[in-house]
Amino acid sequence: MPDVTHATRQQNRKCYLAHISKWLLTTAALGEETLASASSSSDSDTGGASPPPRKKHRASAAEGAGEPGASSGTVGLSAVVLGLATSPHPPGPPPAIPFNRTIVNNISSNIMQANGAGQVPDSELSCLNSAQNGESSSSSGAHSNGLISTANNGNTVSTNNGESAGVASGTLAASASGLDISSTMKKKKRLSQSEEDVIRLIGQHLHGLGLHQTVDLLMQESGCRLEHPAATKFRNHVMEGEWDKAESDLNELKALMHSPSAIVRMKFLLLQQKYLEYLEDGKVLEALQVLRGELTPLKYNTERIHVLSGYLMCSHAEDLRAKAEWEGKGTGSRSRLLDKLQTYLPPSVMLPPRRLQTLLRQAVELQRDRCLYHNTKLDSSLDSVSLLLDHVCSRKQFPCYTQQILTEHCNEVWFCKFSNDGTKLATGSKDTTVIIWQVDPDTHQLKLLKTLEGHAYGVSYLAWSPDDTYLIACGPDDCSELWLWNVQTGELRTKMSQSHEDSLTSVAWNPDAKRFVTGGQRGQFYQCDLDGNLLDSWEGVRVQCLWCLSDGRTVLASDTHQRIRGYNFEDLTDRNIVQEDHPIMSFTVSKNGRLALLNVATQGVHLWDLQDRVLVRKYQGVTQGFYTIHSCFGGHNEDFIASGSEDHKVYIWHKRSELPIAELTGHTRTVNCVSWNPALPGLMASASDDGTVRVWGPAPFLDTQDLDGLNESCCSMDS
């Protein structure tokens, strides 16, 4: 006959273990809650029933210790989880036990295994239900004191309040062993050279912001070094004005330098600062001793030493600072001195000044340079851009949209040109008139200002004087006359014609605005003053197009031999600069005089380097026959090129890209000339045989949505 007492104890134990298992799983689902808060929740669920006495629980455990089928480790685990302790708990709320999901899962798994099955039987569920209904249960409020104290196989575990508790072998011990292994595997990762460089750059930047403690923590945690200790000592001595110590530091730095001979230059800079500070403080004798006894014996930069000696005559500190172009003794001048000294030290010893800002600025400038539509003024300050986003310009911000169509001419429009200050536009037509247009600075709309009449053969070329006071108009091939107009008054100052056999089809102003050169394809090449008086001439040159360089002496002329030559009117010399294989119909030169843009018959638009005398690039897309078509540089920094075309379009290229970035349509016949406003980079004009002048600008009604979401973004260029 079975032992009723033993069977009852076994049933109670199963209920007890099932209750613990469910409670553990519930606790694991609670996430970040502590076991102490879970215990309080359990007390509330049971209707506030007081926990059974610990003495009774310990007796039950003792009774079951020797029973068959009982797990020796299970009771120990239960005691650990439920927080049983031998010492009485002090009054007040129970201390919280930190929640450890790993331990909970391990214990729950062991309990289920000790119970002999992976599921809780129905009888055990009924026991759980009775416990939840407020019936007395050995598990109710089991961890109310938050302490753990149960011996098992001699294993102990520490709790938050310093108490020790027994842990069943193979459960918590295994978990603790797993944690030790995990921590052992977490070895410090060795940083790569680039990672160390980044940490040093960040540290230098933070140091410059005054976050010194943050830098110390960063260097300590990463194991990096912001700079060599000898460099740190040297920096401190320079900033504190301890010149003798700083000079002594140079001996230590000498071994770390790639070029030890630079020590002399560094020493010279130190002594120069020392000398100037002595002078500013009125210590003339000490300054004289530095000059004679320390600077001069270096035998370096004697010319500078002579200049320094002259500062001895300065009567006061302000006079010294003005003559030496030096801001005076203090942090500012010493910081600038350090910047100069650093250039002689390798970056592994001392980082270049503000290195992170320099790299970021270079990155921003590179993105702008590669942006096909960037057409705004370059700002070197990082505060003007967001470092969180790549630089993007929309095509809608570019002058690709017709803003205005000027229809006042009644025949083909052969030429257009903005004034140098960008406030006016001059257009010349086959209808024998020149129209001056005023550009509204706010709306960028053009209004008719003056009409200049009387050009019997029509107007095929216009040239503004450098000060925009005068405008010269030339006619087509069979025209022997030239008109010089006063733009402000609208009066004709000079009508020049040297010979009826002349062909004055091109003109260029000298930079002094007092002379100009003109010529044509019949072999005449003249230099004249404002009254049309002949100053010099060059015979036998059939000129297609002219340009005066900024030196005031050299005139570039394209001729009928498919070349551009340079002519010097002072020493009467000439030289070949550009040689093409096809006729050069027209050309223009960049503001700096370095690049020339050529429209070459049947070839299109070519870019030449006048200094190196090499062809830089051939631009694709344009249709160029034997019509005279005029192209231009434009945009900020003249980064863009625009040209008319015989296919009725205006083509725009980025200077470094052979393929066009825009093809502007609207004209119905050949586009003869394009002019980009030099003051308003978003404004451009084109003249066509269709009798109209089109004014191009950004897309109308630009808003934030257009700029953010529409049209092309910037692309990097392969060419």
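Backbone N, Cα and C define each Cβ position, glycine as well.
Curation plays no part in TrEMBL annotations; they are all automatic predictions.
What TrEMBL lists as compositional bias 'Low complexity' is 35-49 (among others).
Feature annotation from TrEMBL assigns region 'Disordered' to 35-72 (among others).
Residues or ranges marked as compositional bias 'Low complexity' by TrEMBL: 61-72 (among others).
The feature region 'Disordered' is assigned by TrEMBL to 114-163 (among others).
If you look up TrEMBL, you'll see 129-149 (among others) marked as compositional bias 'Low complexity'.
Per TrEMBL, compositional bias 'Polar residues' is recorded for 150-163.
The domain 'CTLH' annotation in TrEMBL covers 227-286.
The list of residues near the repeat 'WD' (406-440) in space but at least 6 beyond its ends in sequence, with Cβ under 8 angstroms from a Cβ of it, reads 446-464, 466-468, 471, 473, 476, 485, 487, 630, 669, 672-680, 683, 685-695. According to TrEMBL, the repeat 'WD' annotation covers 406-440 (among others).
Annotated repeat 'WD' per TrEMBL: 452-483 (among others), in sequence order. Averaged over the repeat 'WD' (452-483), the predicted model reaches a pLDDT of 94.
Using a Cβ-Cβ cut-off under 8 Å and counting only residues 6 or more beyond its ends in the same chain, the repeat 'WD' (664-696) has close neighbours at 375-376, 397-407, 409-418, 420-423, 425, 427, 429, 439, 444, 446, 627-636, 640, 642-646, 648-652. Annotated repeat 'WD' per TrEMBL: 664-696 (among others), in sequence order.
In the repeat 'WD' (406-440), helix, strand and coil residues by DSSP number 0 helix, 19 strand, 16 coil. Note on the repeat 'WD' (664-696): DSSP counts are 0 helix, 16 strand, 17 coil.
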